[in-house]
Amino acid sequence: MNAADESLGNVLLVGLGAVAIQVALDLRRHGAGRLGALNHPGRRSQRIAEALARGACLQLEGQGQHRWLSGNAALDVFHQDPAELRDDWQTLVLCVPADSYLDVVRGLPWERLGGVRTLLLVSAFIGANLLVRSALPAGCQATVLSLSSYYAATKVIDETQPLRALTKAVKRRVYLGSSRPDCPARETWRRVLAGSGVEVVPLATPEAAEGRNVTTYVHSPFFLGEFALARILSEQGPPGFMYKLYPEGPITPGAIGAMRRLWCELSELLRRMGAEPLNLLRFLNDDNYPVHETMLPRAAIDGFAEAGAERQEYLLFVRYAALLVDPFSPADEQGRHFDFSAVPFRRVSRDEDGLWRLPRVPLEDYRKLALIVALAAHFDLAMPQARSLLASYENAVSRFIDCQGASQCHPSLYPIDSRPAADAIYRQWCSTC
């Protein structure tokens, strides 16, 4: 472990799931001061506390070519109650679902967190930085940083062992925006993530970074549609696969068309907020999963934004067809490559109280898109494609609630009113213009 980085100081991880375990390992490798975690009280937190009391530490296993990421990290302190926090922390890292940022920030005892200099949002959506800043108390001078998305694919291996996680993939590149463009924390986090082989590209504004959250462009058209929801909300039949072509998965010409139209709507929102939109195909290929140039020539990728709608949809369809298998995996004896797209949908399940709950995909995607649509209304944008996807989700979930009975469903299944949060984002944006 390196010497402590004074620009980080003591770091508190807010939320202690798979993401936090990866971040903790990166911080320990880089060199932070004290490392603590806060997790909301509940059965899972109790299991964490019991494991820590037995002397357990955070354990990360890297899979395949990422095996070198494996390691352990000890926590100096673990809290289940925000009231227990003291003014010991200089950096807060929000490792919670993005749709809970506002509630989490409002629930922190800021009167005892006067030393906080930096807040990092690990997977921010458009407007998240402004939303968090709107919730900070008057006089708080903390810099808020937005990562475009979480930089790895990490999951807890076994819920009975909540301190063990597996990282099976790492992004090549993520983007970082700051509420203070000249803050040294941007360079600090660039070095932290470089330890896992991730390039961090600083952008001029938080919104520019947030506009490069890949799930906003991909999850919404694929997983808020009829095919995906029918599988997610059903206990019977095959689960379906998230990234396969119909009839095995949700990818159809219609879903690709929805992706292109949503990209156009999000691009206009970014422009009105003063951020540069992205070339969607270049972003998907260069920053996420590339395909062979035989399938997508470089000129087609670079010229995507200037192409006509029909050509754009054709190129996007070709990309997803090319990723049905991992195009860079070695072929087996039969000449077959790794079945890259065979990621089954997670389905609704009952929680420990016996209530039906949705998995994070599509619940978080719905909530994120609903907030973006409410924000867009302040900029006189109708976003018909986004609204159509929201309606698809709401109708499917409403039918599920009617079938199962309201008393059997967790409140999180019901639609939320995103307007108050959108109002707060817009007011904060206006105050910074």
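Each residue, glycine too, has its Cβ placed from N, Cα and C.
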Annotated range (Swiss-Prot: transmembrane segment) out of 7-27, 364-384: 7-27
Among Thr143, Thr154, Thr252 - the residue Swiss-Prot places in the same NAD(+) site as Leu16, Gly17, Ala18, Val19, Asn39, His40, Glu364: Thr154
Non-local residues, at least 6 beyond the ends, that sit with Cβ under 8 Å of the transmembrane segment (7-27): 33-39, 45, 48, 58-60, 69, 71-73, 75, 78, 85, 88-96, 104, 108, 115, 117-118, 122-123, 150, 152, 154-156, 162-167, 184-185, 188, 192-193, 195-196
Most Cβ neighbours inside 10 Å, all chains, among the recorded positions His40, His219: His219
Rounded to the nearest Å - Cα separation of Ala18 (NAD(+) binding site) and His219 (active site, proton donor/acceptor): 20
For His219 (active site, proton donor/acceptor): DSSP state (helix, strand, coil): helix
Packing count at Asn39 (NAD(+) binding site) (other Cβ atoms within 10 Å of its Cβ): 23
